[in-house]
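Chemist: One structure is given below, represented as structure tokens, and several questions about it will come after.
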Amino acid sequence: MSGWNVLVIGGGHAGLEAAWAAAKFSRVALLIGNPATVGRMPCNPAVGGPGKSQLVFEVQALGGLMGRLADETAIHTRTLNASKGPAVQSLRVQNERDAYAERAQDVIFGHPNIDILRGEAADLESDGRGGWLVVTTDGRRLAARSVVVAAGTFMRGVTWYGRQSRAEGRQGEPPARFLSAPLARAGHVLKRYKTGTPPRVRADAVNFAELLEIPADPDPRGFTGTPGPRAAESPTWQTHTTAETHRLINENLHESPMFSGDIEGLGPRYCPSIEDKVVRFAHHDRHLLFVEPDGVQTSEVYLQGFSSSLPPHLQDALVRSLPGFEQAVIQRYAYAVEYDVVDSLELSLNLESKLMPGVFTAGQINGTSGYEEAAAQGLIAGTAAARRALGEQEQVIGRETGYIGVLLDELVFKGSNEPYRMMTSRVEHRLLVRQDNADERMTPIGHALGLVDDAELARVQAKYARVQGGIAALEGQRAQGQTGDAWLRRPEFSLPDVEALGVTLPELSPAEREAVEIRVKYAGYIRRAEVQLRAEDRSRGLSLEGIDFSGIAALSNEAREKLGRAQPRTVEQASRISGVRHADISALLVHLKQRGGDVSRET
């Protein structure tokens with residue numbers, strides 16, 4: 001074959017989604033090093049969690065792959081924040097680590113539109129006709145109209161075990177030695193980031209009786225509707241650090257490459273190493289840790305929250321200082337990895353390089369952390385790359401559509417000086433973009449993009465027609481002087497309580513019943529959020545000329561400083577500034593309203 005419409009570099013979570021999405025349009029090449037590492041979960045064996053499950057539900061609704069893989073290999077599912085409102089409830093699925101990778105490989109390697117190529121990319125060269133040549137270390141020149149670079153933590157990757165370093169992108173895997181050069185040559189600003197992973201411990205050496213057991217939800221749910229048959233098969237557990245753990249860390253910080261200055265890369269604020277936690281939060285006498293099985297048939301457990309770059313001999317003592325781990329045997333030691341990332345401010349909203357048209361980047365190369373963030377970016381980049389190759393019009397997913405839109409918007413307009421993690425707090429109108437309505441919001445977008453077929457769109461439309469039928473049934477029946485929806489709006493009532501009063505509903509699936517309950521119970525809040533969103537849409541062009549930001553007490557200190565320095569001309573421009581949160585924009589709007597007649601609109 002003389003070339004491909006799209007060539008994807010890298011077989012991690014971003015690369016998988018990019019290849020999967022692009023293959024819906026035409027033939028795709030996936031360039032990888034070792035096929036056995038494709039789809040690997042190098043850190044925690046789980047998908048989802050706050051802010052992350054929402055991304056996975058949206059990826060699924062857009063026709064992506066991650067939710068399906070997670071459900072098929074689930075061994076434990078749990079809804080987090082279940083006692084809180086639906087805006088922040090998040091699904092977390094524990095997976096069989098090896099099975100997840102094996103299933104990913106089955107799907108990708110068996111796809112008729114994906115050609116698997118082995119090799120290492122050494123250079124990216126323009127072909128002079130709007131396409132690209134990916135030059136490999138063995139001299140091949142692979143032609144493609146669009147290229148997606150999904151290099152993960154591999155670009156000039158270095159792993160650290162104490163003060164000793166190795167040229168690796170992950171433990172035991174060689175780095176991408178040459179990919180940074182063509183990006184830098186084109187003018188991309190490269191930054192150095194760092195992340196880490198915890199040790200894996202032999203399960204038969206752990207005293208689980210000393211740990212707090214966390215059972216799976218009794219009625220498992222999944223990203224695709226129904227998780228696999230083993231979704232409630234394994235519990236997880238909780239332990240904690242001790243005074244001895246903290247003493248060992250504080251007395252040996254000189255052994256940490258992060259504290260000694262050997263590591264220059266910036267680490268994740270929201271997933272710090274255990275030594276960073278102990279130093280930064282010295283007033284805490286313990287830190288909670290979660291013990292997660294790597295699978296029901298494996299002999300390892302994973303210590304979530306215990307990532308470290310301390311040397312192996314210290315890790316042995318540290319792990320044995322934890323309750324239940326007194327006799328622990330570490331199978332694989334924790335390590336840190338340092339790697340190159342591009343400045344995401346140099347990308348378009350479709351993750352195309354502004355400096356290298358036709359080259360897209362996705363995943364940790366863009367400065368994000370997490371499987372879910374990577375998968376979302378891969379799907380967007382792969383779709384955009386394929387549409388560009390076919391000459392189709394660019395389609396942008398906006399911030400208001402959901403978590404993927406927020407992720408793209410923040411990367412491209414705000415950027416980040418540390419590994420970026422999606423959280424529910426980053427999303428302004430999260431009551432409108434919940435995980436339970438991701439299919440309603442995103443499936444029509446996926447259909448318009450060419451990712452979702454007519455049958456799937458019709459299935460989702462029929463689902464929400466049934467939901468509306470359920471709501472109408474509640475509104476049309478009375479019991480003891482009140483309509484069914486009025487009873488359901490009472491805090492102490494759920495759907496079964498209303499049905500016990502004699503109100504009947506049409507036959508609905510569990511997901512449809514949940515949708516009915518949320519829409520009725522939170523109807524007032526949802527309407528209020530919709531009104532606020534429309535008001536904010538109207539306010540984006542309001543002028544900020546002549547505003548003294550230092551005099552607005554309701555602004556955060558960071559926002560006051562950054563607004564004063566940037567002097568944005570409109571509310572829209574202010575909202576794009578890193579460090580200016582939704583609460584700060586609300587404060588600006590209140591200030592403008594108080595000024596009354598001074599408010600004007602930029603034209």
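From the backbone N, Cα and C atoms, a Cβ is placed for every residue, glycine too.
In TrEMBL, annotation is done automatically, which means it is predicted and not curated.
Got these off TrEMBL a minute ago, pasting:
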type	residues	note
BINDING	Gly10, Gly11, Gly12, His13, Ala14, Gly15	FAD binding site
BINDING	267-281	NAD(+) binding site
REGION	217-238	region 'Disordered'
Chemist: Grab the same-chain neighbours of the region 'Disordered' (217-238) for me: Cβ-Cβ under 8 Å, and only residues 6 or more beyond its ends, written as numbers and ranges.
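Modeler: Distant contacts of the region 'Disordered' (217-238): 47-48, 53, 56-57, 60, 66-68, 70-79, 91, 93-94, 96, 208, 211, 288-293, 296, 324, 509-511.
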Chemist: Taking the Cβ of Phe281 (NAD(+) binding site) as the centre, how many other Cβ atoms fall within a 10 Å radius?
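Modeler: Step by step: centre on the Cβ of Phe281 (NAD(+) binding site), count other Cβ atoms within 10 Å, giving 11.
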Chemist: Taking the binding-site residues one at a time (Gly11, Gly267), which has its Cβ surrounded by the most other Cβ atoms within 10 Å?
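Modeler: In terms of Cβ crowding, the pick is Gly11.
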Chemist: Near the FAD site, what residues other than Gly10, Gly11, Gly12, His13, Ala14, Gly15 in the same chain have a C-beta no further than 8 Å from the centroid of the listed C-beta atoms?
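Modeler: Neighbours found: Val8, Leu16, Glu17, Ala18, Val38, Ala150, Gly152, Ala362, Gly363, Ala374, Gly378.
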Chemist: When the region 'Disordered' (217-238) is classified with DSSP, how many of its residues are helical, how many are strand and how many are coil?
Modeler: 0 helix, 3 strand, 19 coil
Chemist: About how far apart, in whole Å, are the alpha carbons (Cα) of Gly267 (NAD(+) binding site) and Gly12 (FAD binding site)?
Modeler: 20
Chemist: Long-range neighbours only, meaning 6 or more apart in sequence with Cβ under 8 Å: which ones does Glu275 (NAD(+) binding site) have?
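Modeler: In sequence order, Ile249, Leu253, Ser256, Met258, Phe259, Ser308, Ser309, Leu310 meet the Cβ cut-off.
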Chemist: Rounded to an integer, what is the Cα-Cα distance in Å between Phe281 (NAD(+) binding site) and His13 (FAD binding site)?
Modeler: 32
Chemist: Across all chains shown, how many C-beta atoms besides its own are within 10 angstroms of the C-beta of Gly12 (FAD binding site)?
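Modeler: Taking all protein chains shown, Gly12 (FAD binding site) has 31 Cβ neighbours within 10 Å.
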Chemist: I'm trying to understand the geometry here, so how far is the Cα atom of Ala14 (FAD binding site) from the Cα atom of Val279 (NAD(+) binding site), in Å to the nearest whole number?
Modeler: 33
Chemist: C-alpha of Gly10 (FAD binding site) to C-alpha of Arg269 (NAD(+) binding site): distance in Å?
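Modeler: Distance between the two Cα atoms comes out at 26 Å.
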Chemist: Measuring Cα to Cα, how far is His13 (FAD binding site) from Cys271 (NAD(+) binding site) in Å?
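Modeler: Pair distance, Cα basis, whole Å: 19 Å.
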Chemist: Round to a whole number and give the Cα-to-Cα distance in Å for the pair Gly11 (FAD binding site) and Cys271 (NAD(+) binding site).
Modeler: 24
Chemist: Highest Cβ count within 10 Å among the binding-site residues His13, Arg269, Lys277: which residue is it?
Modeler: His13
Chemist: Let me make sure I understand the structure: which of the binding-site residues listed (Gly10, Ala14, Gly15, Cys271, Ser273) has the fewest other Cβ atoms within 10 A of its Cβ?
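Modeler: Counting other Cβ atoms within 10 Å of each of the binding-site residues Gly10, Ala14, Gly15, Cys271, Ser273, the minimum falls on Cys271.
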Chemist: Between the Cα atoms of Lys277 (NAD(+) binding site) and Gly15 (FAD binding site), find the distance and write it as a whole number of Å.
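Modeler: Between the alpha carbons of Lys277 (NAD(+) binding site) and Gly15 (FAD binding site) there are 32 Å.
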